[in-house]
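Student: Below you'll find the structure I mean.
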């Protein structure tokens, strides 16, 4: 009051508010909020960047450059002395690359005597045409001596150049395709002989040291076997274990031990499971190396804790009134669980299982240790045969030096991610469709 | 008979027993299942279990035990001079005998007659049949191989007979026990309960398997290399030597690998913890429900992407980007466009691993922050604190133990992570503190030691198990400590 009296003007003017730092505090509030937005955007930005980098590098892998030319299956080259009726080896060992080279050279108008030119033509065709033409002839020996129109695989470098992945402004000596070959490539493309086709090879072929012929076929089969083994073993065992722990187990030291164990197993680094598989399944039990059986067993052990934890949560979510009603009607405890509780918990269990399977499908490290990094070009017929897995195939291609393998690796990653998306979307739909809120 | 065939027969027996048992029970009750103690299916299941279970146990026991017995008998039949040799050589000889035995199964009778007297011929003949022998077989081996085949054949026949007889006896005995008052359901349920217990002990068996297998192999390693040289050695130089040559043993120092692991883990945590924590805080305290319902699953997609994809991302995108960036910066500042960040470096691997860990930090902390009671926030806001002050001064201290637990779990994941570091961290085991240079980790070395062509008994291979047990113990301690903290924290609000 004394203040007001001493200065009459102060009666009208509002007293200056004591500075309690409101501005500063609100600025801090805004800053804090901005940190949150920044952090969230950082995470989402890198998700987008990761997916974009994979897709932008990999989508071209689903197209493959082919050279479609009339190929003369010259009897002169394949079987000069007409021995193919008596010697089946003749058709298997004939010089098919020469036939392909001649066909392309003819289409380009390269003279037969032009050795340097012919060599350059040869570099434009993939070595995989040997197998391609051989399979055609072996399947149908009648075509020897005729001329057929065949789509030949272009070499990896031509493929990259045609897709615009090779910088053509670099000096000719520093890149893998010469100006002459680029000219030919464009000439063939204008004539409609050279063009991009959908690449079925990446889905069906086995591994190859030539990027244009490499595919994930064997890896897909291997991964399929492993997922089958994981499903067949981990789902029943996991569900059985969860039922015991959740519904029957008495509260004692042993059950406690199992519980702590399961929680810890879920957090053990995956590579440790690989060491376990190597020591127990391969060295002790003598199962074959590189077999999808061993991979499946290792992944089963790895997936079990995930399934058990998900199943227990699903069982816990079934209300006790269901159990009480069933027991009240005279069902035994076992009947209550198997006839009533388990079916109601099934959507949750399956969701957990699918997510566990998706994790197992993307797992690489333990498979490296049990020898699945082997170079496998042939399809495995049983889970005991050498095989490889999709993520391991990605790892092997990622280590290849050739430029064209980067595209293949990204393509394989896209395939893997598609599988994972399908599985996870399936899990979400399953949950949406069947989940009950009590 | 081959084992799968026996299993198939057992399966058929089980189905038949089930049907027959069910019908028999119904027949006894005169078609009225209400007169039975249990529902008819339980009687069928009881008969099937009694038939198959003991038979399967006998089969498994036989399959495990008979090779030991047969092998030791065959080895006992080796000539005295062979028995006097070292264990490894005896093992080699036995390996030859067993591949011989396998080969002789493929041969026709007349071929056996032809080569019977001439062991050298045998190798060529077997070679054409696709059975490769390591060397020329000695005459005693041919005899032993014959013994082996004969014994295997007898063992197989006796096993088939015993298993089938056990199955039939079980079926017969249980069939006769079926009556009105027989409590089939209780019996069947006891067996099911037993199966449930067995399934849940698999978790224990796995842990025991991990510990035992690693300890045995690591024990072999410590037999060749002293433990203190491994745990306190500062040089990692395993000296890859071709199988068979006696090159120097090499040095197996854990310290550089451990240092690299912790350093990369630290960089990863420096990226993941602030980003993850702030994301979690923003999503639980600020974001609208709609933003939250979109952003949270999207962020969790990061956790679902396989680590090999992150590794490839680091190798082809982040690594080269950082390298070129550093060259540009160097060019602007000093005029010398040399890159000071290597494409494979602690920074690259740590940064990408950090991105991978963001969802672990954010979703774990999100749960914990949401679990802090509303009343604490209301009290703080009511006293005039801003939202951020409430979070900093009230919510976070309350959530701290849980968050620390979550961070410890995340750290254990960073330490055990393999594929990112295999592709992005490099393989040079060096002790240095420059984050722009490559370093290597425990997991990288486990992979590189076990994917070579070394014989399994060499210390170069066995060291992987010593590294593995170190990794296992470190992550186990982190997890148990984290679990301990989280559990202790949970009790506060319940």
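In case you wondered, yes, glycine gets a Cβ from its N, Cα and C as well.
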Student: Transmembrane segment per TrEMBL sits at which of B:104-128, B:129-153, B:229-253, B:254-278?
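Tutor: In TrEMBL, the transmembrane segment feature sits at B:254-278.
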Student: Using TrEMBL as the reference, determine which range in B:190-215, B:372-397 is annotated transmembrane segment.
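Tutor: Checking TrEMBL against the ranges B:190-215, B:372-397, the transmembrane segment one is B:190-215.
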Student: Under a Cβ pair cut-off of under 8 Å, which of the recorded stretches B:254-278, B:298-321, B:462-486 contacts the transmembrane segment (B:190-215) most often?
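Tutor: Result: B:462-486.
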Student: For the transmembrane segment (B:341-361), name the stretch out of B:6-29, B:41-65, B:254-278, B:298-321, B:462-486 with the most CB-CB pairs under 8 Å.
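Tutor: Counting Cβ pairs under 8 Å, the winner is B:254-278.
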Student: Count the CB pairs under 8 A between the transmembrane segment (B:41-65) and each of B:158-178, B:254-278, B:462-486, then give me the winner.
Tutor: B:158-178
Student: With a Cβ cut-off under 8 Å, give me the same-chain residues at least six positions beyond the ends of the transmembrane segment (B:462-486) that come close to it.
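Tutor: For the transmembrane segment (B:462-486), the nonlocal Cβ contacts are 210-211, 213-215, 217-218, 220-222, 224-225, 230, 238, 252, 254, 257-258, 401-402, 404-406, 408-409, 411-412, 415-416, 442-443, 445-446, 449-450, 456.
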Student: Quickly jot the same-chain residues contacting the transmembrane segment (B:158-178) by Cβ under 8 Å, restricted to those at least six beyond its ends, or write none.
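Tutor: Hits for the transmembrane segment (B:158-178): 1, 6, 9-10, 13, 17, 20-21, 24-25, 28, 43, 46-47, 49-55, 58-59, 62-63, 66, 184.
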